[in-house]
Amino acid sequence: MDFLLIQALSGLASAASLFLVASGLSIIFGVTRIVNFAHGAFYMLGAYVAFTLTDRFAGPLGFWGGLLVASLVVAALGALMEMVLLRRIYQAPELFQLLATFGVTLMVQDLVVLIWGPDDLMGPRAPGLSGAFSLFGRLVPSYDILLILLGPAVLGLLWLLFHRTRWGVLVRAATQDREMVASLGVNQKWLFTSVFALGVFLAALGGALQIPRTTVTHYMDLSIIVEVFVVVVIGGLGSVTGAFIAAVLVSELNAFGILVLPKISMITVFLVMAVVLVVRPWGLFGKPDAAPRASAGISVRPWKPMSVLERSGVALVVLLAALLPLVSGSYALSVGSEILVFVLFAASLHFMMTVGGLSSFGHAAYFGLGAYGAAFAVTYFGAPMEAALLLGPLLGLAGAVLFGWFCVRLSGVYFAMLTLAFAQITWSVAFQWVEVTGGDNGILGIWPSAWASTPQGFYWLTLAVVVVGVALLRMLVFSPFGFGLRAARDSALRAEAIGIDGKRTQWAAFMVAGTFAGIAGALFAFLKGSVFPETLAIPMSVDGLVMVLLGGIETVSGAVVGAVVYKALAIWLMSQTELSKLVLGGIIVLLVVAFPKGIVGFLEDWRHRRPPAPNGAGPKAAGKAATEAAPVGIAKLEAAR
Amino acid sequence: MKRMMGLALAALLMASGAARAEGEIKVGEINSYSALPGFTDPYRKGMELALKEINDAGGIKGKKLVIISKDDGGKPGDALTAANELVSRDGVVMIAGGFLSNVGLALSDFAKQKKVMYLASEPLTDALVWSKGNPYTFRLRTSNYMQAAMLAEEAAKLPAKRWATIAPNYEFGQSFVAAFKDLLKKRRPDVEFVAEQWPPLNKIDAGPVLQAIDAANPDAILNATFAGDLVKLVREGNTRGVFKNRAVVSYLTGEPEYLDPLKGETPEGWIVTGYPWYSIDTPEHKAFLDAYQQLNKDYPRLGSIVGYSTVKSIAAVLNATDDHSNEGLVKAMKNLKVSTPFGEIVYRGADHQSTLGAFVGKTALKDGKGIMVDVVFKKGADYLPSEDDAAKMRPAN
């Protein structure tokens, strides 16, 4: 019994750090609707700056002062990022800000190594709290008690801030209805900046408070960011209390879970999230979204099938691509094959995100399942490549059938997070089921049949599959099914009124996307000759998202261009420099600012530009308004006009 | 005009490049430079030192040795892209490197498929040379099994009967713990393993993990966590007194990469494998240490030894034969002797594992820093199964 109490205390201490970071993310999301991928980066920066300060200024004042100053410094950096970068792109389609913050995250990972060096850094212990006290004959670190008390204290302070100050009232109002707050004349610019700074402050404080417990490392951002997202979603987006309860729930389940199943830590949070979202689709304390306003941007220029001229252009590009093996070496061809595989992967995700309006954060699951499916077919059934390429994607389809059924019940970010949870559960099965999947050592020896084993042969095979795949996806967009899907995306009620079963249509779209991702995964397995859990992991899902967003989420086939640009850039930079993350992150940030509708979105705007109307409406002017950081609501209305 | 100048310059560069290539031997190298700079930074410094020594002494039979390094970002998929570039575009005669076990396995399968020799420098997994071994892959680093055997030998001398294990939840941790358990039980049938914890890599929740271990009341603890996880574990364990009156056997903890961050909080008396660069007084190591510190103004880490010995092994095999085709190199690599800062090693013909040894000692505190004391060097050959037995563990190729 004593032991269980101590274990509960340990769990509470872990919950406190999780809560601090999660509360910041929740506040930022609630108000600005930004999925701030850089939140982990600010957590890490908080720890690094706090390390530098506490290392230089010893003593209690130096330590506690150092933590506070570090958090303030990082909060200022966060505010700077919001003003310089995010303000320019608030009008961009939903999730586009994710791309910007992802770019920043990449840059920070390399920057901290450049500034603080590659070694792990150990900060001082907290003065006065370095020891432990005895409880039922067991020792409990005093610092844990501080953390345990800090959690509710911060929760209380945030409550006071939000309920007893004018600023807090505005923030809550904006969380409920941004457009209305803007219409009432509140200066959203500063409201957003201050909210962002507060959120980043909490993240940095969470990081700074870690230095007496662990080392400061350049990968600590990754170790927390996903968990924090999950906690926010379990608690309910925008609910600070929910984040607190969720952090406690997750930490306690983990603390006790490992007593029974020592290997459970890897997926505790994702299991909890999956269960919570299936039972309560908006998290523990979240409220159902108010009837969503029509996403204006998408309806500006209706999609059209390609004209004859455009078709010929595409045919020419495909022909040129097919002639590539005649002129280039085998390395270029294998890079070409890899890019093509990702074109199909991104196109499948794009189909779901753009046509279906379903943003998946876990699309790697189906890519990876396809890859594992192909590997199983080869390893366990001795199937030749041709059969494995057909069988592999069936596993992707099976995953999509199962997970999709649960996921399409939700929408928006909740949908995205449930896909993430399922992807992560799939990943951990692949990672832990060593007997079947080989664990992290993967499955080796998945090489193509003789006729496709040369780089040329495999390139042509990949090109053929990918061209057909992308063409099929495009045809689906303009098929009755595609129209039904778009109807369900744009107005669930009206679609239902004319007899479209929205959920069923979306589920079917989920399966389509999963199958095509599975085909890409199966090709990837044969390209690499081996399959590892990394094909199912979060970075793979994020890569897919980045490609789609980079290409342009409002376009029909932007993902193709996004995938080519991103993958080619990533491979080339990786080969040229060890600071590839810094450069790639920088390029992404620049692209985001330059093309707030994605590359293809920009090109289409350019093609369809009209002479600007006197009142400054039209796509061109909307771009200009972006630089002036007009309030979001207004920009949206303008776009809808 | 400007363009003309540019073209002329390019032509000149290409011409000089071609001229230089005449007298060059190119070797490809891949490692997790951006993902694991803590290891790869000293590793690269070790490689650079060896490369400088070799080329200053005339290179490989008069030809300059050139090593082209690529980053794998810690991902097997990206490592394969890099390997492809090295082999098909840069035309290297062999590839080397790797830190993570799955990267090493991916590269070894690539080597088998493309018929190019691969020298794995750091990956520790036993599968690399045994259950998934292949004719084209060799491994330098003292493997999981060898270090488990060295630590089990020391652990068997302890009175402890009840053991608990903490290891990161992936193949590295799993296979190490399995090998250690097996080897310890062989020496001491009376021991029992009473608790195990498998925190995810880089995400240990140290408090609950240690409480769970403590609750089983073991006499001794086996730890295989490292880097950030290790620091969390040590700090939390010291505060909670979990390590008090308990023997701890800890894998890799004596390596400067992992020991130095612990500074004044280094626990004393842990039995560890590692690299006590400050107290090795063999002439080979002294020469290495002096040269390294002269070049870098920094002390070496174990990564430096691995990088240095990798390049020395590459030079040795290239010197051993004039046939730099894949088959020629593989043939020359078998039973090749290479001198390293840890003494002479042999790449065993039967299983392609080198006999590089390791240092085993106890942790201690000196001037607020962690060091290894009571250090013994254990020869790798003594802790490997016989070549016949090892050969039986490899798949028939």
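Backbone N, Cα and C atoms are what each Cβ position is placed from, and that goes for glycine too.
Going by TrEMBL, these are the annotated features:
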TRANSMEM  A:63-86  transmembrane segment
TRANSMEM  A:190-212  transmembrane segment
TRANSMEM  A:224-250  transmembrane segment
TRANSMEM  A:256-279  transmembrane segment
TRANSMEM  A:313-333  transmembrane segment
TRANSMEM  A:339-358  transmembrane segment
TRANSMEM  A:389-408  transmembrane segment
TRANSMEM  A:415-434  transmembrane segment
TRANSMEM  A:458-485  transmembrane segment
TRANSMEM  A:506-527  transmembrane segment
TRANSMEM  A:547-570  transmembrane segment
TRANSMEM  A:582-603  transmembrane segment
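The transmembrane segment (A:415-434) makes contact with the transmembrane segment (A:224-250), as judged by at least three Cβ pairs under 8 Å among residues 6 or more apart in sequence.
In this chain, the transmembrane segment (A:547-570) lies out of contact with the transmembrane segment (A:506-527); the count of Cβ pairs under 8 Å, excluding pairs fewer than 6 apart in sequence, is fewer than 3. Against the transmembrane segment (A:547-570), stretch A:458-485 shows more Cβ pairs under 8 Å than any other of A:256-279, A:313-333, A:389-408, A:458-485. The transmembrane segment (A:313-333) and the transmembrane segment (A:458-485) are in contact, since at least 3 Cβ pairs between them lie under 8 Å (pairs 6 or more apart in sequence).
Sequence-distant neighbours of the transmembrane segment (A:389-408) (same chain, 6+ residues past either end, Cβ-Cβ under 8 Å): 274, 277-278, 358, 360, 365-367, 369-377, 383, 415, 418-419, 422, 426, 465, 503, 506-507, 510-511, 513-519, 521-523, 525-526.
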